[in-house]
Amino acid sequence: MPVVGPIGEPLAPMQLPTNWMLNDLLWTKEQAILAGINMKNVPIQAKYVSSFVSGFGRGANNIETWRWPGNTDGQTRPYLAIPYRWLSGAHQDAGARQIISESFDLITADVGGCIRFVDDSEVQAHNYWIRLQDDDIIGCRATAGYHGMFSTKPSQELNLAHRCLDSSTINHEMLHSLGFFHEQSRPDRDQYIDIHFERINSTYTSQFDTMDSKGFDWLNMSSPYDFKSIMHYDAFSAQTNEAISAKLPTMTKKGTDVPVAHPDNMRLSSNDAFQLAKMYENFCGKPGGNYIKVRTCDDGARYLKNRVCDGIKDCDDNSDETLSFCSTLCYFLRFRKRL
């Protein structure tokens, strides 16, 4: 049974393996050094001509040159245009390109249209774009943030191997391209989760490093730690063979033995959408404005208005999905439709 997206489209019902996105961030050497990342086991790409200055926050960074400008074709728009092109011969399988482009459309729907993805393969109007590849050896991987200000090349990589073709993985990688890092890399994560490094395969320890806040310009979005984030790893990611045999998680909720469950709804969380809009506030405005429509949970938390009564819990207190609330809302909407 496919999961249904926020505007009614069925999402790919693929069952994801635990370690499907490990080492999925493509770094420059300068980025890795400045972010305090161990370079031994992370993918490193060619050096850029300019020195790199970085800042990270929550999972998004605060350096303007790392954010997509929206005018890579010289045109000014009221929304952010993100151009992409298919590498020649990439994703020729039946339906693959449709799955990818429709997954991008889900992000657009979640942020009310203030960010839109443009297939520039034929027109080629943009001077910098995301290069969509399908190298099965590389796997699921994306360059972190906008690199048009630094790169000697006209494009940056977003690789989606054939095993990566589900909406959750596609949009996880696209959020990397837009400037987001893993949720478990936030500098305050140790207040919310315990990382069991002794259970983590040494090849992947860098994926659990926090972004060292010393000397960095953190983008403070005042957002709670989001266990539902599409950018959060599964609790059983990157296990050692011993941890696999003993069924021991690599991440648990703070002070407990409760594994951190990966979101199973195959889409951005409401907080992912709010933070993406905040990062590109000059295009998206504030949640509750013209683009991002919100509702409020009984406990005061916010969620996307189009997520109400969709069968997936957005509120921790479940107030967006209770039978009484949804029945009342359904009655109200039917009554209003008759008027």
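Any Cβ shown, glycine's included, is placed from N, Cα and C.
As the structure is a computational prediction, the values presented were derived from the model and not from experiment.
Confidence over the domain 'Peptidase M12A' (58-285), given as mean pLDDT on the 0 to 100 scale, stands at 89. Look at TrEMBL and you will find 58-285 tagged as domain 'Peptidase M12A'.
Secondary structure at His182 (Zn(2+) binding site), taken from DSSP and collapsed to helix, strand or coil, is coil. If you look up TrEMBL, you'll see His172, His176, His182 marked as Zn(2+) binding site.
Among the features that TrEMBL reports, active site is placed at Glu173.
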Integer Å distance between the CA atoms belonging to Glu173 (active site) and His182 (Zn(2+) binding site): 10
